[in-house]
Structure formats: structure tokens, C-alpha cells
Amino acid sequence: ACGAGNSPQEHRRRLSLGKFRNVLLNQTTSVEAVIRNIASNVTVVIFQVHAQQNNVVISFDKNPSANTSGTGVDKGLVSILRPQQTVCTWYLHSLDTNHVLSTAISIPYLEKDPVPGGCNLEFDLEVDPNIYLDYTLVDVHIKFAPANLGYARGANAPSCDSGTGQNSRWRLRYDVYQYFLPENDLSEMVLMNHIRKMAEVDSIKANGIKVLSLTTDDKTNVYFSSLPGQGVIYNVIVWDPLWNTSAAYVPVHTYACSFADLVDNCKLSTKIFFTALAVLGLFTCFFGHRFWKTDLFFMGFIFTGFFFFVFITRVTGLDYDVRLILTAVAGIIGGLLLVAAWWRFGSVLLCMLIIGLVLGFLFSSAVFFTPLGDYKVFRDDVVFWVTFSCVALMIPVLFFGCPRTLNILACGVVGSYSVVLAVACYVFTSLAYVTLELLRRILNDSFNRAYTHVPFQTNDFIVLAVWAMLALTGVTVQLRRERSEVPFPPPPYLLWKRERERRSTNVLDPSHHRPPLRERIHSKLLQIREVFQKEQPAGERTPLLL
């Protein structure tokens, strides 16, 4: 139904079908939106209003009730037109005392077009075209009511449960679309301008990214990877394959966090951690193979820190900052242990295995960061982890015969990627999600249902170019500098042990004939006493002859 009647207290706004209007709303005064001269072939009008962060109330009546109104930042109502009806009225107001900028539009649909939310059994409205969204730090969940077949004015709506044949709503198909707002731009006008691109069917197809298609047999809810601080718009197009007609639900947007958190959505501890890691990584990128122990410490830090963070997150409920500090400590210990293992045992094979696994892990993460990772087969955890492990192990296996090349590649690629992670602490970039999406999948058992699409905009191209430049430059410089050197330096412990054995067997070596401990201590004491002994005065130093 459409609202009717006028009131001298209402501010009237006349809206044209299919035209967006920006409207200022507040708590004390409601706005009456009226459209006139509706064509006789229009059977349904969807009226919707959008605001950035403040809830807006949209209703059929001046006095809203639960089943005649909707409240939220993205809300719409379906008006089923009566025969001969040419005018529709809706009422808008905000729940905030200050002025709230919103944008409103009315979209007409014809007799053969599907009716979004026409078979609603879950939500308050009888016909509910809205998409309901909630989010966590990990994922975004959208759900919507099933649609119904279109019908003429004055006719009864087709039954939602009269069968599952081709003459029922079960023939309908749903296409879910996603649209990314410009990165690092949180202004209201940007949202108002871009949400218009996701309101009508043709515009959605032209601008949105089609993520998946659903049949009526599928559940009408979808999960996406959460992107805190990045604006995303979602919408659903319902398609009737018999008549080849479509209709769009009401688009919904999210930034995946509150605006109070958007001022600085990256903790200070995270910035310190990844900035320090980037400094060490940048040094490793260009000098890692030359400074072998620093290289081992860096790789051991990453290897140990990653698995330790996963472990304490899964088994404890510690605060994030505490977990990050403990991860840093564990990483330092792991790096030192890897250096000590090489120093004591000289096991280049063990060191290269860990270095190869770090590089393989990053390579495999990058492979599943592509659209390949959203294939349905990889929603099965067994298939995903077996495939991921095989791709990761492929790197150390391929470079088994040339460990120096493997180490230099790892220094260049992993070291430069640590710079990308540091940049992500200050400026949003999707490249940080190369590894973050994998970490989410490890830590959250239900993350396999989420689609991991991310934007790739100007910032991401710049950061990708910097990553590629640093990696290529670091690898090239180290390959040229180390080509005439020995593959790896000998471990200090083995050198010391070899020197000790040489001294014990070579009797001609002066170092073999060491004086007793008592004489050595006495000699040292004499040397120390001579340091504090005063000089003799200048003059005759010839001894007297007796």
C-alpha cells in the first residue's frame, strides 16, 4: 500500500520516478515524499532512502508501526499499486537531532517483473525488499527475503508455497553483486553518488561485480570477507528466466566498523610491530644473503611468530596487544634459535627448509588471493589445505638443488612484502589481505563460507609496483654481488672446532705449546701492573760498573 493524505506540518518533496534526490532529515520534522502521474502499466514501486551512518525511518504512514515502516541507514518499502492509482506517498525522518544527509529514489516495476521480498516469512514487513547486513572483524553477512513472481494490478499475489514447478517462484534466480567505494574516502557525498550506481538493474550490471548466483533452493544469505575502513555496497538482482525480467533489491553499504574507529583503525602496537619488521625486512631484501645471520633471524622470526600467534589465539582469550607482544618475544626467540642451530650444527638444509617454507607460504597465499580462491571446491577445508600445502612445498622442492638462489629469492620477496604490511598500517591497501585472509581462515572455522573479494584501486597498483620494484631490485643486486662468493659462509662453531683440532695435532704450531695456567695468570698480572707503573725520569740510564 501507499500512504495517503496531506498534513500542513509536513515538508512535501515531490520525487520523479527513477530520479535520485538528496534530502536533509532530522528528528523533529518528517518529510512527505510524493510521486504523481504513475503510469498505468506500473504495478510496483520500490521507494528507498540511504544515509551514511545515521538511522532513517521510512514509513507508509505519518505514525510508523513495525509492519508499515523500516529503520536503518539503507531502507526501502514496496508499494503494491491499486487499479487506477497514480499517486504514492511515503514519510521520512531521522532519529538524530542534527540534520542527516540522505538520498532517496523511487523505482517502478511492471507486471512481469519479479517482486523483491514478495515471499518474506522472516522479517516484519509483508513485502520486504531490504537486504539485512551485519558484520564482525572477520566477515560480513547479508541476508534477504525470497522474491515472488510479478502480477497485475488488482490481482492476488501468486502463492509462495503452491509448488516448486516452473509456474512458481522457484524458477527465480538471484545474482549477488558487490561494489567498492573509493579507497580512503569516507565522505557522505562519495557514498551518495556511488550508491546510485547500485540501485537499478542496468546500473548494477554495468558497475557492480557479480560474486555469485543463487537458486531458490539455496539459502538467501551470503558471507563476505570483512574489510574494515573500506566502503562496500551490496545488492541482489532477482531474475525471472521465463519472462527474462529482473528487479533489484534495496542496496546496502558498510564500512565494517564504526565511524568512531575509522579515525585510526590500526592499533599503535600493530604499527610499531610491522614498522620494525619492515625495517628489518628492507635490510634483508638487499643484504640478507651477505649478512647470513640477520637473514636467518628474520626468517626464523616470521616462521615462529606466525605459528605462535595462531596457537595463542586459538587456545587463549588474551587481549590483542598482549598476544602481539608475546608473538614478538616468541619470534625473537625463534630467530635466535635458528641462528644458534646454524652456528652449532651448520645445518644449511634445515635453514633452507624453513626459508623455503616461508617463501612457499607467501606464494601459496598469493595464489589463493586471486579469484581462484573463491572456487566452490576450495570451500571444503580438506581440499583447501591439501592444495595450499602442496603449492607451498613446491617452492623448496623446486629450488632444492640451488639453495643460494632460493635464499636470495626469499630475501627479496618476503623482505619487500614486509614493507607492504607496514604501509597497510597507515594507508588502506588490499595487498595486506594476501596473508590476512589466510590467517582468518586458520583462526575461524566458519571463514570458508566467506567470499574474499577485495578492491584493487589506485593505491593498490602503486603498492604493488613498489613491492615488485623492491623485490626485483633486491634479488638482482644480491645475485650479482654474490655470484663470485661461496654459497654460504662456514658456521663459526665448526671453524673453531677445526682450529682446535689443528692446534692439538700440530706440535710445530707455537700455539700448541701453551704455558701452565699459573704462569699465564702471573704474566697477565705483570702486564696489568706495568700499565699503572710510572715512567722513569729522563737522564742517565747506563748502569754503574762495580
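Yeah, the Cβs are placed from backbone N, Cα and C, and that goes for glycine too.
Now, the feature entries from TrEMBL:
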type	residues	note
DOMAIN	275-479	domain 'TM7S3/TM198-like'
TRANSMEM	272-289	transmembrane segment
TRANSMEM	296-316	transmembrane segment
TRANSMEM	322-343	transmembrane segment
TRANSMEM	350-370	transmembrane segment
TRANSMEM	382-401	transmembrane segment
TRANSMEM	408-434	transmembrane segment
TRANSMEM	461-479	transmembrane segment
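Residues 282, 285-290, 405, 408-409, 411-413, 415-417, 419-420, 423, 429, 431 of the same chain lie 6+ residues outside the transmembrane segment (461-479) yet bring a C-beta within less than 8 angstroms of a C-beta in it. For the transmembrane segment (296-316), same-chain residues at least 6 beyond its ends with a Cβ under 8 Å from one of its own Cβ atoms are 277, 280-281, 284, 288, 323-324, 326-328, 330-339, 342, 351, 354-355, 357-358, 410, 414-415, 439, 442-443.
On the 0 to 100 pLDDT scale, the model's mean across the domain 'TM7S3/TM198-like' (275-479) is 92. The transmembrane segment (272-289) and the transmembrane segment (408-434) are in contact, since at least 3 Cβ pairs between them lie under 8 Å (pairs 6 or more apart in sequence).
Below 8 angstroms of C-beta separation, residues 295-296, 299-300, 302-303, 338, 341-342, 378, 384, 388-389, 391-396, 399, 403, 406-407, 409-410, 413-414, 417, 433-435, 437-438, 452 of the same chain, each at least six residues beyond the ends of the transmembrane segment (350-370), sit close to that stretch.
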